[in-house]
Amino acid sequence: MLIAPSLLSCDFSKMGEEIARMDKAGADWMHLDVMDGHFVPNLTFGAPIMKWVRPFSDKPFDVHLMISDPLRYIDDFADAGADIITFHIESDSDIDKTIDKIKSRGIKAGLVLKPKTPAEAVFPYLDRLDLVLVMTVEPGFGGQSFMADMMPKVEAIKAEINRRGLNVLIEADGGIGDATIAEVARAGVDVSVAGTAVFKAENPSQAIKRLAAY
Ligand code: DX5
Ligand code: ZN
């Protein structure tokens, strides 16, 4: 299992150092949650901040856009050094145009599904994606409880990926930690986002190692 610590749970007064700390602790990807206070009821940071912290790690920056009009900001996040950009299928942007824009910048593209969005919604786009992110909480905040009832959705997407012989990763985000990682792995998730479980751990390096063992 690849582990992507969510910076949403970091100490933002030293975000760069927190990224370096996660890099050293063995994180596979850095997960950056971008919120606009409109698509979700919370605000975080945008591309200018990301540009400042980009030099603190060479690991892939996995940018999760929880914003209403992702297409408008793809160039900004590309310029700021994103390696992977995921955006919500429920957003207002044209999905095909947004995927094209991400790919035109040489960045991996992913679609994100909120809990109420069914697996089938992503099927028309699967052939053009590098990953699918399945939310296991309602997007907006860290520290929420894992929704185990999202696992059939993961299994359905995985089955479709395999049926078509595609090379698309499945990522899960929200409430993942020691108590839930086994279920996540069993359903076929390739990349787990973990905020609270890593940042609130006494020893983040051991926490990442435990989760990555699945
Ligand atoms: C929620 C974010 C998640 C969140 C995960 O909207 O997308 O990345 O930070 O945090 P935990 O692991 O604490 O649920
Ligand atoms: Zn996220």
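Placement of Cβ uses the backbone N, Cα and C atoms for every residue, glycine included.
A TrEMBL annotation is a machine prediction, not a hand-curated record.
The candidate list His64, His88 contains one residue that TrEMBL assigns to the substrate site with Ser6, Gly140, Phe141, Gly142, Gly143, Asp173, Gly174, Gly175, Gly195, Thr196, namely His64.
Comparing Cβ neighbour counts within 10 Å across the binding-site residues Ser6, Thr196, the minimum falls on Thr196. When secondary structure is read from DSSP and collapsed to three states, Thr196 (substrate binding site) falls in the helix class. Among the binding-site residues His31, Asp33, His64, the ones whose Cα sits within 10 Å of the Cα of Gly140 (substrate binding site) are Asp33, in sequence order.
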